[in-house]
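Contents: one structure, followed by commentary.
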Amino acid sequence: MENAIKVTGLRKVFDQHAAIEDISFSVKPGEIFGLLGPSGSGKTTTIKILTGELGQTAGDVYVLDINAPLFGTADFKSRIGILSDNSSLYERLTVYDNLKLFCKLYDAPLEQIEVMLDEVNLKEARSKVVSKLSKGMKQRVLLAKALIHKPELVFLDEPTSALDPGNAAHIHRGLQKLNEAGTTIFITTHDMEEATELCDRVAFLDKGKIQELGSPDELRYKYSTHAFHVETFDDERLVIENEAGNADKIRDLIANGEVKSIQSDNPTLGQIFLKVTGKELV
Amino acid sequence: MNTQRIGAIFEKDIKDFMKNMMLLMMPIVPIILALIYSRLGEGEELPIPMLYLIVGVTFSSVTASCMMTMMAEENEKKTLRGLMLSPASFMDIIIGKSLVVGLMTFIALAISLFFAGVKPFLSVQAIIGLILLFLFFLFLGIGIGLFTKSVASTSAYLMPVMFLFGFTPMIEFFGLGEDSIAITIADLFPIMQLIKMHDTNSWVPIGVVAIWTIGAALFTYICFKKERTDD
């Protein structure tokens, strides 16, 4: 399989309003791909089309080499995992009973329940009724539910949005482990640190169009001014261009003991997003 | 269809049913009604329309009401989408749920008829009629549950279902003339057809109820097609 996801000329129109306008991208097997964009940019619409919840107006969509019209088949559904804003749990049932239901629906061994409870740090809450859990704990159960059948491809819509930093870090480690085992991950997030830490490649989506696409390192290099920011002990801030002629200038500053700090210009994904789209990612 | 998935949904729904006070109260309604009616006749057998009134209350308050509440809750809490995105087919989901509702209906109907009188229903024709009537109310419950977005709004749909299809024999107490258009229309309703069935050897009443059931099944199918995607 050459691509886990291949989207060509995708367009989605709701009541004469184009939510997605002619987007194309592909995701390689084993890749973590991040779709970043503000609310209303078309991220959720894209995920819904990729998971078969929504039909496209135009364009070709292939997921795991399966064409969009066949997304309703049990074979396709058993190969993907989804955590989206539409994901929910049975509030009157326990954590264990919720996971047991999906284990059976996906024909996964029941031992997977314990494995997943361990992965999401919820072993002690297995007998708790879901309605008694905090929002963060529910989010972790939803994640366990999405991964319980060891899918080849996982769609995660803001997976750590309700989690505290400790649990978010725990989930990040789990996702990296999952990815190392070969699972392809398609993720949407507002959290630039999360995208930088997890994603092999990211796409910036705004107004239904992909505005930029590449690895976080590539994008940072592309949008860097390639200058050095030097702060001296006299509290002077110098911007020195990365040019051969400036090498002596930097060397002299260091030799004279004037340099308090020196940094290369390395914009964050958030700064790049602002530069590309003119808006903050909130 | 997949029996393991049907079993998983049945197991989940029966656990959920047992923890839902609103649903647990529903099977009690026809039993209380049957108890009250059984005391009225002082040892005499209840007339057929009275018995079908109990049947109608059972199917509307247990079958249709429980099914539409369960479906509407799945819709409201967005858990139905989770099931539909899993390998379970719509048939697996519906059969799993219907088994729970069917079990509860059977228990409620058996106890109610134990008090009210089971004898008139001990014929092949009557049993087929009851099965078709159960399916009619089941499909209505599924369909309404699919298009209502909250449990609270199901009561707005349950009332017309109960009064039109559950309490149809009560129309006789309204004092309308036999030629009244309301009586003529009501005579075509499923329960009235089943009451008629006891006065004839004809299978026509069963055929009419079957048409109602097919109509309800089509209504469910249309609601499902609308719910399946966000388009």
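Residue numbering: from 1, along the chain as shown.
Here the Cβ of each residue, glycine as well, is placed from N, Cα and C on the backbone.
Unlike curated records, TrEMBL annotations are generated automatically.
As written in TrEMBL, here are the features:
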| type | residues | note |
| --- | --- | --- |
| TRANSMEM | B:21-38 | transmembrane segment |
| TRANSMEM | B:50-72 | transmembrane segment |
| DOMAIN | B:51-217 | domain 'ABC-2 type transporter transmembrane' |
| TRANSMEM | B:93-116 | transmembrane segment |
| TRANSMEM | B:122-147 | transmembrane segment |
| TRANSMEM | B:154-171 | transmembrane segment |
| TRANSMEM | B:202-224 | transmembrane segment |
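If you count C-beta pairs under 8 angstroms between the transmembrane segment (B:202-224) and each of B:21-38, B:50-72, B:93-116, B:122-147, B:154-171, the highest count goes to B:122-147. Highest Cβ pair count under 8 Å relative to the transmembrane segment (B:122-147), across stretches B:21-38, B:50-72, B:93-116, B:154-171: B:50-72. Long-range contacts of the transmembrane segment (B:50-72) within the same chain: residues 13, 16-17, 22-23, 26-27, 29-30, 33-34, 37, 80, 97-98, 100-102, 104-105, 108-109, 112-113, 116-117, 120-121, 130, 133-134, 136-138, 140-142, 144-146, 148-151, 153-154, 157-158, 161-162, 165-170, 191, 194-195, each at least 6 residues beyond the stretch ends and with a Cβ under 8 Å from a Cβ of the stretch. Beyond its flanks by at least six residues, the transmembrane segment (B:93-116) meets 1, 5-10, 12-14, 17, 23, 26-28, 30-31, 33-35, 37-38, 46, 50-51, 54-55, 58-59, 62-63, 66-67, 70-71, 80, 83-84, 130, 134, 138, 141-142 of its own chain at Cβ-Cβ distances under 8 Å.
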